[in-house]
Amino acid sequence: MRILGIETSCDETAAAIVERDGQGEGRILSNVVLSQIAEHEPYGGVVPEIAARAHVEALDRLVARALEDADMKLADVDAVAATAGPGLIGGLIVGLMTAKALAMAAQKPFYAVNHLEGHALTARLTDGLPFPYLLLLVSGGHTQMVLIRGIGDYERLGTTIDDALGEAFDKTAKLLGLPYPGGPAVERMALQGNPKRFALPRPLKGEARLDFSFSGLKTAVRQTATELVPLSDQDVADICASFQAAVADTLSDRVGRSLERFRNEFPDCETPALVVAGGVAANKTLRAALETLCARHGFSFIAPPLDLCTDNAAMIAWAGAERAATEAPDSLDLAPRSRWPLDEKSAPLIGTGRRGAKA
């Protein structure tokens, strides 16, 4: 089965073709991603209207290129899958309407994919990972620990009660006058800094709950920077290094408790694994801390290649293929959802907004 996938939930426009065989093994035939960093950089963050217009301008040619790279025509695909949420509503509409039109024109089944499910299942595409396993999703919009039991069977163990980790990186960068995107900029500066100079907080460390919190850490960065004005380059580097060290300690504590929870629930699991996905998973310091943690607990550490950690359409095509193996297609009347929790059974946390839980 060969699936055309489309991803337009935020600031990457993407199209891909993925093949899933009868044994459930996957192969990427093409994967095309166009970043909008240049469009959003002057504003220091993603502007939804600009993002939606950029998707409109680029998506048709990216779909054509994905088909060309896979040496296929639209008639050759077996189904079309697209991100239906969560994300920026304008971008979701562009991708979803395009996918529906292609599915209708080619008379192919259509599958609406939860963007978070795409991240959740990527390790099955890249590593053939069996169920169950743990997922740590760390990105600009999400920070979650999710227990992956099977297709459509997800339990959110913990989530951020305020800022997502990627957002904390971006806001820290902005406070310190670093360029957008903030995550890579903070990581680069941290290489030149002293991680022990500033004693920044480790939010929720030691608590039994499995949730995350990063707003207090971000506030501590602001207070530290304000006290040092004017900031030298070394001050900025030391703040970045101290911030990154605090994040690594916090993640190790929070994730470590989730690993223990997994062991208690699945004592006979022979292949316990932690999968890390999302753009923040590219941070080498955080990856090293999590690898050390997994080794200590006897878990495999799995981080898909960077181009599959960040937003892409191969993961959407793969999630569509996984669902197509056992489920009926979705209706072409299906609407996009700006907020779409991966685990819809979990109650939204206080502070998730009047519109409901985003994830």
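Glycine too: its Cβ is placed from the backbone N, Cα and C atoms.
Of the listed candidates (Asp307, Asp311, Asp330, Asp333), Swiss-Prot assigns Asp311 to the same Fe cation site as His115, His119. Swiss-Prot names Leu137, Val138, Ser139, Gly140, Gly141, Asp170, Asn283 for binding substrate. Of Gly118, Gly183, Gly298, the residue it gives for the same site is Gly183.
Comparing the binding-site residues Asp170, Asp311 on other C-beta atoms within 10 angstroms of each C-beta gives the minimum for Asp170. Counting every protein chain shown, the Cβ of Gly183 (substrate binding site) has 25 other Cβ atoms within 10 Å. On its own chain, His115 (Fe cation binding site) has Glu7, Ser9, Thr83, Gly85, Pro86, Gly87, Asp311, Ile316, Trp340 as residues at least 6 apart in sequence with a Cβ closer than 8 Å to its own Cβ.
In the three-state DSSP scheme, Leu137 (substrate binding site) is classed as strand.
Ranking the binding-site residues Leu137, Val138 by how many other Cβ atoms lie within 10 angstroms of each Cβ puts Leu137 at the bottom.
For the recorded site, Asn283 (substrate binding site), the DSSP three-state label reads coil.
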